[in-house]
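The Zn(2+) binding site annotation in TrEMBL covers B:C153, B:C158, B:H262, B:H267. Annotation comment: TrEMBL describes B:15-28, B:41-55 as compositional bias 'Low complexity'. Per TrEMBL, compositional bias 'Pro residues' is recorded for B:56-67. Taken from TrEMBL, the feature region 'Disordered' covers B:1-81.
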Amino acid sequence: MDNQGNRLYLNFGNNNDRLATTDRTYPTTPSTFPQPVFQGQPAGQGAAQQGQPQGYQQGYASAGYFPPNQYPAAGYSSQLGAQAASDYSSAGQGGYGQARSAAAPGTNNDPNTGLAHQFSHQNLGGGGGAAARASPYGAARATPPGQRPRTAGAQGQQAGYGSYLNAPPMPTQAPQEYFAPAPERNPDKYGPNANNNQKKCSQLASDFFKDSVKRARERNQRQSEMEQKLAETTDPRRRESIWATGGRREGSYLRFLRTKDKPENYNTIKIIGKGAFGEVKLVQKKADGKVYAMKSLIKTEMFKKDQLAHVRAERDILAESDSPWVVKLYTTFQDVNFLYMLMEFLPGGDLMTMLIKYEIFSEDITRFYIAEIVLAIEAVHKLGFIHRDIKPDNILLDRGGHVKLTDFGLSTGFHKLHDNNYYQQLLQGKSTKPRDNRNSIAIDQINLTVSNRSQINDWRRSRRLMAYSTVGTPDYIAPEIFTGHGYTFDCDWWSLGTIMFECLVGWPPFCAEDSHDTYRKIVNWRQSLYFPDDIQLGVEAENLIRSLICNSENRLGRGGAHEIKSHSFFRGVEFDSLRRIRAPFEPRLTSNIDTTYFPTDEIDQTDNATLLRAAQARNGAAGPGGGPVQQEESPEMSLPFIGYTFKRFDNNFR
Amino acid sequence: MSNLFSGINARLRGTSSKTSSSKAPASPVSEDGRLHSPGVLSHQSKSSSNLSASKLPPPSPISPALPAPSQSTNSASGDDALASYRLPTPLPMWLNPAYAKHIVRGNFMTLSSRPKTVEPGEWMAHQVVEHYRNLWNFVHVVSAKESTGKNICNSSSCPRMSAGPNHSYTWLNKLGNRYERTELPAIEYIAMMQRWISSKVDDTKIFPTDPAGVSFSHNANIANTALLGSPDEWVGKRSGFPKEFGSICETIFLQMFRVYAHLYWEHFVDPFYHLNLEKQLNSCFSHFVLTATALDLIKPKEMEPMQPLIDLWAANGTFPPESKAYEYANLKAGTRLLQMAGMA
C-alpha cells in the first residue's frame, strides 16, 4: 500500500525547485520556510495553519508546503491538519523505528512501548490496526535485502521513509563510475545502542527543524505586527519604544530558549492538586514573581502505567494551541525524575467544584456554561484533536469566570485504536476494581481540583475518590469509545450532553455505585437515560440533551459545532462575543496567588518532588543543575521523553 | 580548566599550495572586497580565550587572481575545480547528489538571518547553542559505547582528527608558556572540544542568561540614542556579552565545522548512511554552513575540506543564491557533480 502511495508522488520532492526566484524574499515569505520532507498530509493543510492569516494558508498550499500523505485519506478529516502537521516528525521520522513495537501496545513496561503507542495514536488515516500502521516502515525494513537494487539512489532503498529520495528519475548507473558505490544499508550492523541513538538523533533533528520553523514563522508574524505599529505612529519616542520592546522580547525569548529551566527556579506556594502520577502546585517564579500552575509528573509512574503517550498527547496539544479556550502551556522541562509542565494558573477552580457547591444550575447559567463549552470543544476539534475526556473536572474557570479546557492526556487525533481492551474487560464484568488494571485508560493523571471534601452524597464521594485514582470517572464518556466500534469527534458532544444533564439535574445521567455499573448504563443508554420526574426541564433543554446523548449517527454536532449552536436552546446566545460578556460567577480573589477556589486544605501539602530532590542531593546523586557539565546523558536525551521540552514565546510578555 | 584544553589548532597536510586556484567564487554577485572587509563580526583578535585562533597562513582572499567567468559552465572547468580539491577516486559517497539530500526543504536562510530587532550578540549566542545541540546529536551516535565497550569512532578507526586524506587537525596543548601540537584520536579530540565548548556556553559571564540584561538591536532610523561605531563597541556589548564573545563564537563554529568535516569524511557511510541518518546530517550541516557564513563566523578558507559539498549544495539549490554560502561556492564544480550523477 505504501509503495503505491509513494509512486503517486514521485515528482514531488525535487530538490531544485526550491530555488524559485520568489523565494528570495526571506524571511517574511512563508513559502520559503524550510519544509519537512517526511510524510505530511494533503487534505488538511489549510487547516493545519489554523489561526494563521489566510494568506499564509495560501502560501503553504501553493508552495506544496507538505508533501502528500502516504496514507490513504479514507475517512480523513480536513480538521486534522494541525495534528498531522505537527506530527510529521513522529510519523515520518522517529516513528519508523518504533512502529515494530506498536503491534503490541501496552503489553509491557518497555518505555518504548509507550512511545510507539503514542505514535500509533497520532498516526492518521487508514489501516486501523497497529500492524497496518507499522507497515510503512516495518515493511520497508523487512524487505529482504536481496530485493533491493544496489544502485545508488535507487528506489526502494528508503521506501516508506520518504517518497523524497525516490523522487527525481535519475540514471542510476552513471554515478557508479564517479562516486563510491553505496553499500547495502545495514542498520543492524551496530549494537542496540546505535539503533537507540539513531532514533534519538533522527527525532531530535526533525524536532529541531520543526520547532525552528514554527518559531521563525511566529517571529515573522510578530515582526509584521510590530512594523504595523511602527507605521501607525510618527512620534519618535513611541517608535523607539516599540522597537526596543520588540527587540527585548525577542531577545529574552532567545535567552530563555538557550537556558535550561529547572524546578529550583520556582517557589512553591501551595499544592493545589495531587494524583497518582504527580501533583499540581501553584508556584511563583523566583526571577520575576510570575505565578503559574506547575504540574509535575513522576517519570517512573508514567512508565509503569503506560502513560507516556498520554503525556505526550497533552504536551502536543497544549503546545500547538493558542486558543483562549485551552489552558495555556508556557514551558515544559524535565529532570531525572519528573516531567514538568508550567501552565497558566486559573484561579477560578473548576466546574466540578461549582457543581458540588451549587448542586444544580438554573437554565440560564447552564446555557452560559454549555455554550462556552461548545466553543471550547470546537476549538480543540479545530486543532485536530478529540478530547475524549470532557468532564466537569476538566473545565476550569479563569479569573473572569470563563471556561478553559485542560487535561488533554487522553486527547487524540483521528484514530481508532485505543484502550478498548480495558473497556471490554469492564463490560464483561470481570473486574470491579479497574484501578488495578495496568492497561487502564487512566483518565486523570491529575486534576487541578482533586479533593476529598465532605461529600454531598455517595456518588459524589466515589467520584472525588475516583479523581485520585489512575482511572477517573467514566460518567461522561461516550459509549462508542468503549464498545470498540470506533469513535470520532462527536464523542465529545456526548460528554457535553452528560454535563448539561448534570448541570440541570444535579447528577450525571449514568451515575452508579461503581464504575462498572456506570459503563453498563452508558452502553445501555437507551434504557438507562432517565429524566427524573421531580425536576422540570425546559422542552428545549431536554431536547438538546437527548440530541447529544444518543447514538453517534444521530448525534447533534456530528456535522460540526454549528449544529449545536443553532439549537433552539441557545436562541439569543451570541457565540462570537460570549467570552467577552460577564460570567455568571466571577471568582473573588484577594491576590494573584489566592487559592480560595481550590480545596487545598484537604490536599496533603507534602511537596514530594522537592523532598525527593533533596534526598537525592544528600545521597550524592548529581543534583539537577549541580552536576558536571558532561553527564553521561541528560534527561532530555532519554528516548521516551525526547521532544518533550517546549518553550512558548508568550512566557516573556504576559 | 586544565592546560590540556587551552589551545586548538589546525594543520593542513601537504595542501599548502592549493589554495589559490580552486575557489574562485562562481557567483557573479560576490564582491571580494566586501567579503573581507573587517566587518563587525569578523574578530581576528588574539583574544582572551587562549585558543590560538589560527596558526594557519593568514586567510588569503578567496577570490584570488581569477574569478572565472560564470557564464561558461562547461564541465571542463568544473572538472578542474574538482581536481584541485584532490579528492579521492571514486568520490566519497556524500558527494553523490543522491545522498546529499535533506529532511527539510525550503529556504534555510529564514532560520539563519537575524530578526531585525534582535541584538546581534544575542542572535549569535542563540545560533551557537542551537548548532551545538544539533551537532552533538550526531556526535553522540559515533561516540556512544556499545555493550562491548566499543564506540563507532574509536582510536583505531580514527587515530587522527582527520577530514579526508588532505586534512587533519591537531590539538594545541599549552605547556607552560608554549603550545605544543598534539595529534589525538578523533574521538578524544572531539571530547576535549566538547568540554571546551560547554565550558564557554555554560559560563554565564560569556553567555549571559539573566533576562534583565537583554537589549535590542540598534536601528538608526528609529533610535538615535545608541552609539555604534565607537572604538569600544563590540557585538553583544549592549546585551552584556563580553568583549571576547565574538572570537569565542568564531572558535566554536570553527571547531564545530571540523567535527562535521570529520563526520562526513570518516563516518558518512559508517554509521550515518547505514542508520538512515544521512539526510538528517545533511540538513543540519547545510544549515550550519548557512548560519556560519551568514554571521561571518567562519572563513571560507576554513571550510576547505567540505568545499565540494558546498559547491554541490549551491548548484542543487540547497543554498539560496542570496546566501553567503552560495557566494563562497564554486558553482561549476557543483554543477559538474550533478552532471556526474546524471542530475544536471
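Including glycine, each Cβ sits where the backbone N, Cα and C put it.
Remember, TrEMBL labels are computer predictions, not curated facts.
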For the Zn(2+) site built from B:C153, B:C158, B:H262, B:H267, further residues of that chain with CB within 8 A of the site's CB center
B:V142, B:I152, B:S157, B:S162, B:A186, B:I187, B:I190, B:L263, B:W265, B:E266
What kind of secondary structure is B:C153 (Zn(2+) binding site) part of, going by DSSP in three states?
coil
Using a Cβ cut-off under 8 Å and a sequence separation of 6 or more, which residues in the same chain sit near B:C153 (Zn(2+) binding site)?
B:V142, B:S143, B:A186, B:I187, B:I190, B:E266, B:H267
Counting across all protein chains shown, how many other Cβ atoms sit within 10 Å of the Cβ of B:H267 (Zn(2+) binding site)?
22
Taking DSSP three-state, what's B:C158 (Zn(2+) binding site) in: helix, strand or coil?
coil
Intrachain C-beta neighbours of B:H262 (Zn(2+) binding site), sequence separation six or more, cut-off 8 angstroms:
B:C158, B:M161, B:S162, B:A163, B:A186, B:I190
Is it possible to get the count of other C-beta atoms within 10 angstroms of the C-beta of B:C158 (Zn(2+) binding site)?
23
Need the DSSP three-state call for B:H262 (Zn(2+) binding site) to compare against my parser.
helix
